[in-house]
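Trainee: Before we start, here is the structure in question, set down as structure tokens.
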């Protein structure tokens, strides 16, 4: 297993053989590892220093940046292997033990087939990387050596042009390190796909075991019918255990490599974008043209392998369900059939490898057939996102530094702390959306598909009613937040600008006494806080909007249950024979809808529970302190108006969350009432039993929580207000 990959990792000093005992070999190997890593990081650092201080042409800078990006990727890959070597080694050893170990000749054939795929693809990719590295170095050397220019531009702390010895030593050192980096790239870029192929292999073996299970049980029953039930349970338990362990193995693999895959994905995106533009600027007979083309092919192939193998893992994990479905179920006991159904349900959530938990590794993510193809628009938007979040975090950090080092009055510190708390909340919200954007997008798309999609005119009316409610409340809240922000900034500006004081006190690492620096800093603060207010407004309406969509789905489901007796009555009039079958189908659709609403709500709660807790905590502090401050500030003061408006926004913010959470809980309990009020006389006994089960499930309503501590409801809102008032009373008594 992983023969060529482990061999190359051992050669480059990143994989000390496990069978070596403590002795001179292990010490020498450790010294070799540290020496090569030190050289790698040193050369990468010198290239980075040259790039940030360079005044060369854009074409030359771009060529150097390609190599630098690769070297940065190599540094992180080397660190990842060294840190996780023991874990990867243990995972590799696990593949040689039960239940992963092939047990029959057919399973060994499956294992050998995947081992051949791994070895061949590894050998081809390694050869391509090494040949490309050699051609690039050779083509650059033809051009650079006669002019005494290094293979890659770097900041060198001595003059290497004075003597041939210093030049050749530096040149050979660079050459060695880049060859070393290419070898690490080749080894690491085949390690992840090889591990993914091992997961595919295990899923194929599991499929084979499921396919052969009916024949195995049939043969056992011929000779020992009494023990067949016990053996059937044992065989099924082994398959279930194998299935669970494959998922655990894949999850561990994803945790180790998700970050470095994201880095590789980002580097590849930048290089693919810029290199194509550069190729149009370089002449065909230029050595740089050939090296850029080869480099582009390698990067292209590098990301394709990751996406292709990630896609293959997902497909193979789904195929397990097909293998179970195609089995001869007549051989099994009822309990076994139930367990097989549970396994099939588990396979509905396939193994998905991700790039930094943002992008799924698949052929779709490689080709990206969406309207925004990986081009200038996406890259510009990504740059815009990073810049804005960086600005938000920077401004929040400067305000935090000022607050912890401040010696101002309590009133002024409190006002600054309110703004800081909002900015901290906005930062957390921005990260939450950026991290879970794909999941939220998928959840929204689900609402347009069955069983969520409205199917009748009455259901469309229900959907439109809730959409109207969401749009109106969103517009009112966003308007209130933005107007409050404008008034607050306007009032503060009237007071601060004549005195050359910033909108909000912050620790600034320079003197902003001159008009240019003052206005630049002022506008930067203004822009960052307007951006933070917009994030708050958008996010604070996102969660309630999703909760109202859950309410909408419960209302649609109630309507479906209410009209079910009439639908069945009409069917029985025209086709009494098929009525039982159609009754079962209709009920199954309603049950499936009910379960999927719960799953949708659970996923929503999982995503937002942490940030709701942060918002709840911020609101508690603000409500407590602001009411106390209002008793200390004069009515004609600007700060009084600012605190009043801020307090109103915070109250509305937390009230919307609690109200929508309470609404979801109420709507989920109304399902049992809708079923109870139906005309049960139309249904068969089995249908009545199933309806009782749905009613029993509805006794456990959907509840949204704040960090799994506080349930979002009107009661929790009143408790929060009471708590704030109690804290206010304590503060007033202690100060009085």
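Placement of Cβ uses the backbone N, Cα and C atoms for every residue, glycine included.
Okay, so TrEMBL annotates it like this:
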TRANSMEM  31-53  transmembrane segment
TRANSMEM  65-83  transmembrane segment
TRANSMEM  123-142  transmembrane segment
TRANSMEM  256-280  transmembrane segment
TRANSMEM  292-311  transmembrane segment
TRANSMEM  383-404  transmembrane segment
TRANSMEM  475-494  transmembrane segment
TRANSMEM  519-539  transmembrane segment
TRANSMEM  606-631  transmembrane segment
TRANSMEM  637-659  transmembrane segment
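What's the neighbourhood like for these features in this structure?
Mentor: When Cβ-Cβ distances below 8 Å are used as the criterion, the transmembrane segment (31-53) is approached by residues 12-14, 16, 61, 64-65, 67-68, 71-72, 74-75, 78, 82, 152-156, 173-174, 176-178, 180-181, 184 of the same chain, each at least six residues removed from its ends.
Outside the transmembrane segment (65-83), and at least 6 residues removed from its termini, the chain residues within Cβ reach (under 8 Å) are 9, 14-15, 33, 37, 40-41, 43-44, 47-48, 51, 152, 178, 181, 184-185, 188, 191, 256-257, 259-260, 263-264, 267, 270-271, 274-275, 292, 295.
Same-chain residues lying 6+ beyond the ends of the transmembrane segment (123-142) with a Cβ under 8 Å from its Cβ atoms: 4, 8, 151-152, 175, 178-179, 182-183, 185-187, 189-190, 287-288, 290-291, 294-295, 297-298, 301, 305.
If one looks beyond the transmembrane segment (383-404) by at least 6 residues along the same chain, the residues whose Cβ comes under 8 Å of a Cβ in the stretch are 413, 416-417, 419-420, 423-424, 426-427, 430-431, 434, 504-508, 524-525, 527-529, 531-532, 535.
Outside the transmembrane segment (637-659), and at least 6 residues removed from its termini, the chain residues within Cβ reach (under 8 Å) are 411, 415, 418, 473, 477, 480-481, 484, 487-488, 491-492, 494-495, 536, 540-541, 543-544, 612, 615-616, 618-619, 622-623, 626-627, 629-630, 712-714, 716-717, 720.
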